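Per TrEMBL, the features are as follows:
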type	residues	note
COMPBIAS	30-57	compositional bias 'Polar residues'
REGION	30-63	region 'Disordered'
REPEAT	151-181	repeat 'PPR'
REPEAT	182-216	repeat 'PPR'
REPEAT	283-313	repeat 'PPR'
REPEAT	314-348	repeat 'PPR'
C-alpha cells in the first residue's frame, strides 16, 4: 500500500511539473507571437470581415494564461496568426508524449478554454498517436457540436484517428462523408485497412480509387503491395508493378523493398531475386522477407545463402532461418543455428528453451 501511495505522489508531482512547464511555454509563445504580429496590427484593423475587425475577446485565468473565447469560422489555417494555444497543441501532438496535448486540452477546458477549428487536427493527431480513442471520440463530438466536422482538415484528422485506433468502420463512415478526397485521405483509408488486417478491403478500395480518377502515389503503392504479399495475390501485385513502370514512378528503396517482399510473400522467388539483386542497400526487412520466401517454397539452401551474406542480423531474421530449417524437416540444422544465435548474445539463456520447442517438436514428428 505504501508503495502505491509513493507512486501516486510521484505521478502527481510529475503532472504538476508538467502543467507548470506548459504554462511557461504558453506565455513564451504568446509573447513571441505578439511581437511577430505587432507590425501587422494596423493592417488587421482595416479589414472589413466581421470576425477579423478586432481581436477576439480573451479571458485570463488565475495562472495568467490567455484563452480565446469565441470559435473562429475561417477554413484556411493561418500559421502566422495562430494563437499560442493552437501552436502548443500542434507542438505537443508531434512530441514523444502526444497525450500531453490532450491533458492540456482538458486543463484548458476546465479554465474557460474554447477551441476553434484549427485546434482540432492537432488534438485528433495526438489522440491517434496516443491511441486515446475515448478522448478522440469526445473531441469528435465537440467538433460536431461546433459545426467543424465538415472541415476537410478536421475530417482528415478524424479519419486517421479512427483508423489508427482500430475503429475502421467509423473511419469508413468519415471517409464516405467527405465531399473532397485527395491522395492523402485515400492513403489513410487504405493504410487503415492494412493496419487492421483487412487486406482484401485494401484491394477493393484500390479499385474505388482508380474509378474516382485518383492516381495512386508511391506511398499508396507500398501499402497495396504489402496487402498483396499478405494475401498471396501476385496477380494484383504484378499489375501494381506494371503501373509503377508505366507511370515512370521512381522506385525508391522503400517501394523496391515492398515489391520484393510482395513477390517473396507470394512465392515468386525468381522475380523477387531479380529485384533483390538490383537493391544497392539490402536492409533487414527485405532480406528477412527473402529468407522467409525461399523457406516457404522449400529452397532452404537459397535462404541460407542470403542469411550468410547478412552482416547484421536481428531476432526476426534468425527466427526466419531457424523456422525454415524446421519446416524443411531439418531439425538438427535448426537446433545448431539456435545455438549459434545464443552464442551471439542475441538470445537470453532464459528464452532459449522456448525457441527450442518448435524444431524439437518437428524432430519428434520426423522420427
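Even glycines carry a Cβ here, placed using N, Cα and C.
TrEMBL annotations: computationally assigned, not manually curated.
Mean pLDDT for the repeat 'PPR' (283-313) in the predicted structure: 94.
Remote same-chain partners of the repeat 'PPR' (283-313), defined as residues 6 or more beyond its termini with a Cβ less than 8 Å from a stretch Cβ, comprise 229, 253, 257, 260-261, 263-265, 267, 269, 272-273, 276, 320-321, 323-325, 327-328, 330, 344, 346.
Across the repeat 'PPR' (314-348), DSSP helix (H, G, I), strand (E, B) and coil residues number 26 helix, 0 strand, 9 coil.
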